[in-house]
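Trainee: Structure incoming, see below.
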Amino acid sequence: MKMTVDFEECLKDSPRFRAALEEVEGDVAELELKLDKLVKLCIAMIDTGKAFCVANKQFMNGIRDLAQYSSNDAVVETSLTKFSDSLQEMINFHTILFDQTQRSIKAQLQNFVKEDLRKFKDAKKQFEKVSEEKENALVKNAQVQRNKQHEVEEATNILTATRKCFRHIALDYVLQINVLQSKRRSEILKSMLSFMYAHLAFFHQGYDLFSELGPYMKDLGAQLDRLVVDAAKEKREMEQKHSTIQQKDFSSDDSKLEYNVDAANGIVMEGYLFKRASNAFKTWNRRWFSIQNNQLVYQKKFKDNPTVVVEDLRLCTVKHCEDIERRFCFEVVSPTKSCMLQADSEKLRQAWIKAVQTSIATAYREKGDESEKLDKKSSPSTGSLDSGNESKEKLLKGESALQRVQCIPGNASCCDCGLADPRWASINLGITLCIECSGIHRSLGVHFSKVRSLTLDTWEPELLKLMCELGNDVINRVYEANVEKMGIKKPQPGQRQEKEAYIRAKYVERKFVDKYSISLSPPEQQKKFVSKSSEEKRLSISKFGPGDQVRASAQSSVRSNDSGIQQSSDDGRESLPSTVSANSLYEPEGERQDSSMFLDSKHLNPGLQLYRASYEKNLPKMAEALAHGADVNWANSEENKATPLIQAVLGGSLVTCEFLLQNGANVNQRDVQGRGPLHHATVLGHTGQVCLFLKRGANQHATDEEGKDPLSIAVEAANADIVTLLRLARMNEEMRESEGLYGQPGDETYQDIFRDFSQMASNNPEKLNRFQQDSQKF
């Protein structure tokens, strides 16, 4: 090892030694600056490299997304996937290179600066200190007078000790300098050599990777050449076709006038028509119309679900309209509404009218089940019947209201005469009927029975689930409880007079209902059969403020679902397994224990039985209470004059509310606090119930004793869904008032949004649970 500073000169402490030290110290200082700069540049390079890797990964993800987008093109998908995988390997190689760079350059050089240079600086400080002490000792020794022997000896001793210490520290300092000068060469070369080997490994790995990819790239290049040739050929063909088409006469749309009743895809005719809106402005909008499956439907965009104009063409007529200013207009009239349409020309108008008339005639000739009809709210796109959507395919394959209702026990035959395959229903009773019995039910009046067709009418989701929750077996156990005891035989199909007498005795006179005695007045019964804890729990609902009540409902987790579909307590039947309500499945233990205090329903007043059963979501018991004469609007004076409908809201069941409303419940009847069902549903965050009550005419302007209407409660609770529904209903109400007595029932936007909320509340209630889930977080 070549010495930078000589040890002999060190002992002499000569000017040559001091000059050598000064030179070495300056060199070390400059070395430290260079190394610090190199380390900082290395760190910046590594950070930039990591950022490059991150950006490169994002670029690779973009290539993969493009490959997935090109899934229909095997060549593009395969090549992009293969290239992205190879480039991902290169990113991994880059990551390894940066890690090795960090270890070889940054870590090693930083360690050299922090360890070796620090030792040098420490030795320098000690040397400078002892040098200063030596100089002081020499000066003091020179200044001592001869006649002061004691001071002479003391100065001599200090000088001797200081010189010895100086020589020792100076030798250590010189050794540290020489070692540092030697080590810096090895450290710098070692780190740079490691760095170069890292690059060698990086490029070698990249070479191996692309050597394997090379043959595929050559094949792809040859294939690309063929694709370019094919593309040029296709371009020439399209240019020729374009030139040929340009020579045709497009002055008329005769090519679009054809319709085919026997079309393979079921579409008789389709094309653009102008449709007059039902809003206040009576605007005309251009929509894509089609006639298919004996229905007239339209849509705005291809991805939109078609809106059904006419459910069944057999129930409508079509006629020319010459009494309005716009040309080429015709009107499609059904029993419930009419639709004004406008074609682009007289030929197109005649073609559409003829297509509708032909479809009507064809519909009358056809036989069989109508299960392939489009559903008004979730029918598949007219142009995408093969889109692969399972739920839409199910509807096309026959999962209709008829099938879903008839699969309930007892519903496969008429509830009153036993005739098979009934296609009518009484929606407030929850039973299926044959066509003859349905006519008799109509004659009873809607206060006894509301009749609807299972095949021709539109079924709202909550009403369909109500039908699935009851059924002929459940209702007959109530209304035919004493038929066998009384020795009465049910009428047979075809016996019109016997049927009429039997049905009137069954539902109007209720002769066959099992009568039970009522020995207690309603207040006495409540005091006897309702525990104090139960009353406190029930009444505590009304003591909360809007915010507290929402949090309480979220904590109890008993009302976290608005669907209202629950298991019947009689037979445990789950009406619609895909949308079982969490209300009936997760009821708190305390409330179940209190509900057991109600004991046998035979000991309850019918009104109180209906009241309790509404909270328990027990539809069979509710039907039994109504059969025994319960007032559907009975108010419980012991519990704030709450009604069965309010109890159904507190119980969290949408179907229970629907059942009470179908049987005449007053949607605006309020308790002593001035809160109606809409208030309670808003406070609890039950979006599905709010939607149902607004559709049934609930007064959202009514205020409670605190002066709050449902909208202000929803705004305070920050429930966006309910605020949207209330404001939309209020806007629709104002629009109807502005149109006067003969205005339309509401614009299409209002109807579409409420239809969507009804669908979600019944079929996807978890989508409306956002408010409860957010409340649980707090």
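The backbone N, Cα and C atoms fix where each Cβ goes, and this holds for glycine too.
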Trainee: Which residue from TYR742, TYR750 is recorded in Swiss-Prot as phosphotyrosine?
Mentor: TYR742
Trainee: Can you check which of SER211, SER338, SER581 Swiss-Prot annotates as phosphoserine?
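Mentor: Record annotation (Swiss-Prot, phosphoserine): SER581.
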Trainee: Write down the residue from SER378, SER384, SER569 that Swiss-Prot flags as phosphoserine.
Mentor: SER384
Trainee: Of the residues SER14, SER521, which is given the phosphoserine tag by Swiss-Prot?
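Mentor: In Swiss-Prot, SER521 carries the phosphoserine label; others show none in the record.
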Trainee: Please find, within the list 30-53, 414-437, the residue stretch that Swiss-Prot describes as zinc finger.
Mentor: 414-437
Trainee: Over the domain 'PH' (266-361), work out the mean pLDDT and round it to an integer.
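Mentor: The answer is 87, the mean pLDDT of the model over that range.
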Trainee: List the helix, strand and coil residue totals of the repeat 'ANK 1' (640-669) as derived from DSSP.
Mentor: 17 helix, 1 strand, 12 coil
Trainee: Given a Cβ distance threshold of under 8 angstroms, which distant residues of the chain, six or more beyond its ends, lie next to the zinc finger (414-437)?
Mentor: 402, 405-406, 449-455, 463, 466-467, 469-472, 474-476, 490-496, 499, 502-503, 506-507, 619, 623, 659, 662-663
Trainee: For the domain 'PH' (266-361), how many residues does DSSP put in helix, in strand and in coil?
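Mentor: The breakdown for the domain 'PH' (266-361) reads 19 helix, 42 strand, 35 coil.
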